[in-house]
Amino acid sequence: MKPAGGRGGWGWGGGKGGSKGGDTGSGTKGGFGARTRGSSGGGRGRGRGGGGGGGGGGGDRQRRGGPGKNKNRRKKGITVSVEPHRHEGVFIYRGAEDALVTLNMVPGVSVYGEKRVTVMENGEKQEYRTWNPFRSKLAAAILGGVDQIHIKPKSKVLYLGAASGTTVSHVSDIIGPDGLVYAVEFSHRAGRDLVNVAKKRTNIIPVLEDARHPLKYRMLIGMVDVIFADVAQPDQSRIVALNAHTFLRNGGHFLISIKANCIDSTASAEAVFASEVRKLQQENLKPQEQLTLEPYERDHAVVVGVYRPPPKSK
């Protein structure tokens, strides 16, 4: 028995195969002609059930970029939420990708091009800013598991080495409108960016001075609860100590980011960190915690401690 339809005889198998080819754009079930004849503009074979015709439809779909059966499939919705971190004022965003975030003090405004996310909470929209640990030593320390940062809502913070205000802006979010962050930066170029950030954030007070000379800006700054230092200078322990003696209350806390190469490029990072800790201890700055910042920063460590701790009660 010869196939019906002469050259289009690959449609043997009836109309079922041809119609499948036309619907799905593949024509694989019983419609071999749908792929070979149809995709080359065929349809000349008339098969017993119109297999060749179904093939023509399949060829069309392929030219438009593939099977059409997934064309209108909707993407599954992703549930997003924000959870409080154990550090007060810091949050974790749960979505397509998890991220460290802070509640944006100035909704609708980003500081350094960071992503902003909006979440409905109790019927109100709340905007959060993602905090990049590759651009912030404090964020890297938090994700690295630091036990305490001592920066929380209503805190007064002295930030040494504020640069253009990337981390300062997140500290501003954490402490809220009732807190204050004094941001000290010596570079005038970075200082201009810092001032622009402070124009929209009323809890940031920019101080364009050298952190080595705290007496030059002592009239601008009151006593603070926390000092954060990211100055990357060979004498940074001395810089922190001078500012602590001038502005940090007894029992206050400090966080210092240490970049080993900036202090001694010939010694190992561990030796540099140990040396800096000894210098801090000589200045009534008692280190309580130390952690490295890998994988976010290489040869960096953050030391957290207390200044002139009160005597332990017996």
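Note that Cβ sites are derived from N, Cα and C of the backbone, with glycine treated the same way.
For the residues ARG7, ARG37, ARG86, the entry in Swiss-Prot flags omega-N-methylarginine at a single position: ARG7. Other C-beta atoms found within 10 angstroms of the C-beta of THR166 (S-adenosyl-L-methionine binding site) number 20, with every protein chain shown included. Counting every protein chain shown, the number of other Cβ atoms lying within 10 Å of the Cβ of ALA232 (S-adenosyl-L-methionine binding site) is 16. The local packing around ASP210 (S-adenosyl-L-methionine binding site), expressed as other Cβ atoms within 10 Å of its Cβ over all shown chains, amounts to 13.
Sequence-distant contacts (6 or more apart, same chain, Cβ under 8 Å) of ASP230 (S-adenosyl-L-methionine binding site) comprise LYS137, TYR159, LEU160, GLY161, ALA163, THR167, ILE256, SER257. All chains included, 27 other C-beta atoms sit within 10 angstroms of the C-beta of GLU185 (S-adenosyl-L-methionine binding site).
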